[in-house]
Amino acid sequence: MASKQLFSPLKVGAITVPNRVFMAPLTRLRSIEPGDIPTPLMAEYYQQRASAGLIITEATQISFQAKGYAGAPGLHTQQQIAAWKVINESIHAAKGHSAVQLWHTGRISHNSVQPEGKAPVAPSALAAGTRTSLRAEDGSVYREDTSVPRELSVAEIQQIVKDFGQAAANAREADFDLLELHSAHGYLMHQFLAPDSNQRTDEYGGSIEKRGRFALEVVDAAIANWSADRIGIRISPIGAFQNLENGADEEAAALWYISELGQRGLAYLHLSEPDWAGGQPYSDAFREKVRALFPGVIVGAGAYTVEKADDLIARGLIDAVAFGRDFIANPDLVERLQQDAPLNPQRPESFYGGGAEGYTDYPSL
């Protein structure tokens, strides 16, 4: 039985989308290097999936320094902006809606993808102890340990805030409908928030208010360069992601952050929930606290089924759900869910890097 909740329209900030089945941001590492330029193949890929209520693009760099993965695209040069504009024309021609996910990877990077081969940057000079993806000479993707980062100066932090603001202006210029700030999964915004990765003793470290200062400055810069009703944010405040815990007071810290975000009138809050990686699901009590603090749209992402999404939407605890790998393998996921049709099998070996195979060749109904 098709869900009545998931396939109803939803106002998301400045736009109204036709359904609540969102495409989660999915790193696919198929951009042109050097230059981190999106490709016509990416336009085809996103257009195929335009029946999603909202396409949230793969994470996209705000600067060359923000890069952590070979093959990830940017949105900080005119060439990149022009390429994204073509992609958005394709999405809009198919009556779709798009949000670009903006990130700075911080310490989840490698010297070889950094400008001049320098060390990646982070709140503190503490290694992530995880891996990133690099490209071999033949174009294949391989995994490599992340490099030890160096600590950012206050002036450098303020420059990164400006870079996020400029990327928000670039998103508008590239004809995105919305943007999403990536404040989750152990990347730079999250690195400042988490006490394990932020051991600064200045105005950007210590209490949750100080650890949260950078992230909120980024949000405010994005708002100043576009509009709060065009901006969403993704957070993963509960559980461990990429070796990064949120600290002993994770729920209190999460609720402080969500309260601050709620006061800024953002279009949506995208919750990356720990159960997608085997963690515990959110409790209803936590969801109710989040709902009370955030007046905009709440998007869930994790171990979701249609039934779970429908139940949480019906109870007012979320408004939409973002599906990830199911959208990789099923360009017409919305239609398949509506018709209770079987899903295509996923091909994980082609998730990262490569060409059309495992990217634009999955069949629709």
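Using N, Cα and C of the backbone, Cβ positions are placed for all residues, glycine too.
Remember, TrEMBL labels are computer predictions, not curated facts.
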Original post:
Which residue range, 190-211, 344-365, is the one TrEMBL calls region 'Disordered'?
Top reply: 344-365
**OP:** List the helix, strand and coil residue totals of the region 'Disordered' (344-365) as derived from DSSP.
**Re:** 3 helix, 0 strand, 19 coil
Original post:
Any residues 6+ beyond the ends of the region 'Disordered' (344-365) with a Cβ under 8 Å from its own?
Top reply: 27-30, 41, 44-45, 48, 71, 133, 135, 139-141, 325, 328-332, 335-336
